[in-house]
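Q: The following block contains the structure, expressed as structure tokens.
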């Protein structure tokens, strides 16, 4: 039996361990693994240092998930997707909020609780159940312009990533905002378009300061800022478009905005073309004449500011190239709700009045042919029928009246009415409206881009199946020419001249130089510096005409000017105690015999 020796270590097979010295390959691999782990931990710490604010979103699944910028951020792990029944303790950018984001008071809320957005379709705001969402701190973003491909150039209608980036930038987290936008090829454009505004907003100390900056940028009077604070995105956007677009209707008033035309500026019941076109500032002492406007230093300062901040060349090309798409989007968004029906046209133009009331021919002294079934009218740029529908209603009323008094007053037969527009959506809408108003009247609506050379006459012929009208008695351009690119205006007028009969007339009305709408345009809306051409916030264009300029264009297109005069109006907003001057240019031209 072996004795136990305590001074020597006792080894067995179980507790024996072989010691392996690592080879050069193992040592190199081990060092590489340690380095990669350290780099990974360092990158995680760097990401955590960059992403200091939690971002989240609710998704109502009203948009294409493949094109949703918020969903893309979720896939990248940069934004959290919230359940519909899940609450959020931070700031939520929602279109139904009533308070504007403030960099001073809301920064702590965003740092502590995060920033969330609501992803929904702008076209379905009224049908979206925002009440289901659980949050306390709802906020609106101030005026910013979208840069995403779907809503490019449109104010307030930002995508999810644009809204999150804007909110982060305003509260001082510009690095994180840039990181979010870097995931999109167009992301840098958003900061480029809005850099000046975002920097100004981020320096504000309260919501009222943010609104002041917004009002200064947009040229709004201070009286309007309180009303902007209590409006939603859709309200603000509709208000801006209305203020930049003609809504002059001297026969009706707006119950929402309390707009009215001064009674001293209304014409007589049956004015002639001379009376309609010769309305000058002398009719109302409160309206400043054109010569006074040209000498106004305030107006010149506004125009200089517009020229100093023009639309960049890339955006100009994009706006002109996508003119038809922008009008389609406009009518998809607004339908028939935006423009008011123009009931003043038969009063302003005696040619239209004579068509509706042929028995006034001898009283009006207007030489318009009245052969049976030969009177033909074309409205260029018909939109959804705000000019044409009231005219058809007048024709229907006149037809009923003539059927009762054919012995007293001869009739001209049923006029042939045509309408065209660049927007397919607008043409579909006007066709539906025509059928509902006067299905028995002959009226054909068709799509035509009058800015293309020689496009109108073939489109007019192609639109007819039961008639072969190639020349017309009357063509109207009511607030249409200003929506074209200036080089295309002559092309449009030549197209009009090509479908007029010898002796046929063009009725024209559009914005005049120094109209209030022109002075309302802010920075980044002026297109060329030498011409008063502007880009609206929805991507459509606007131009402001001078009388001599229009006369020159009419002569160049082969038409003779009969009348071309400025028409002045004063529009009063009772709710906001605001009275503004409107300047329009009204003209009648004739194709030489």
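Cβ coordinates are placed from backbone N, Cα and C, and glycine is handled just like the others.
Predicted automatically and left uncurated, TrEMBL annotations should be read as such.
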Q: If TrEMBL is the reference, give me the range from 244-275, 276-307, 308-339 marked as region 'Disordered'.
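A: Range annotated as region 'Disordered' by TrEMBL: 244-275.
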Q: Restricting to the same chain and to residues at least six past its boundaries, which positions have a Cβ under 8 Å from a Cβ of the domain 'RNase L inhibitor RLI-like possible metal-binding' (56-85)?
A: 114-121, 124, 128-129, 132-134, 148, 150, 159-162, 164, 179-180, 183-184
Q: Are there residues of the same chain, six or more positions away from residue 141 (S-adenosyl-L-methionine binding site), whose CB falls under 8 angstroms from its CB, and which are they?
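A: Set apart from residue 141 (S-adenosyl-L-methionine binding site) by at least 6 residues yet with Cβ under 8 Å, we have 93, 100, 101, 156, 158, 163, 166, 167, 170.
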Q: Give the sequence-ordered list of residues that share a chain with residue 69 (S-adenosyl-L-methionine binding site), lie 6 or more positions from it, and have CB atoms under 8 Å from its CB.
A: 148, 159, 160, 161, 162, 184
Q: Quick check: with 69, 118, 141 left out, which same-chain residues have Cβ atoms within 8 Å of the centroid of the S-adenosyl-L-methionine site Cβ atoms?
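A: The answer, listed by sequence position, is 57, 70, 93, 117, 119, 158, 159, 160, 161, 162, 163, 164.
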Q: Kindly report the helix/strand/coil residue split of the domain 'RNase L inhibitor RLI-like possible metal-binding' (56-85) according to DSSP, in that order.
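A: Its residues divide into 7 helix, 6 strand, 17 coil.
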Q: For the S-adenosyl-L-methionine binding site, please report the maximum Cα-Cα distance among 69, 118, 141 in Å.
A: 18
Q: Give me the count of other Cβ atoms within 10 A of the Cβ belonging to residue 118 (S-adenosyl-L-methionine binding site).
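A: Residue 118 (S-adenosyl-L-methionine binding site) is surrounded by 23 other Cβ atoms within 10 Å.
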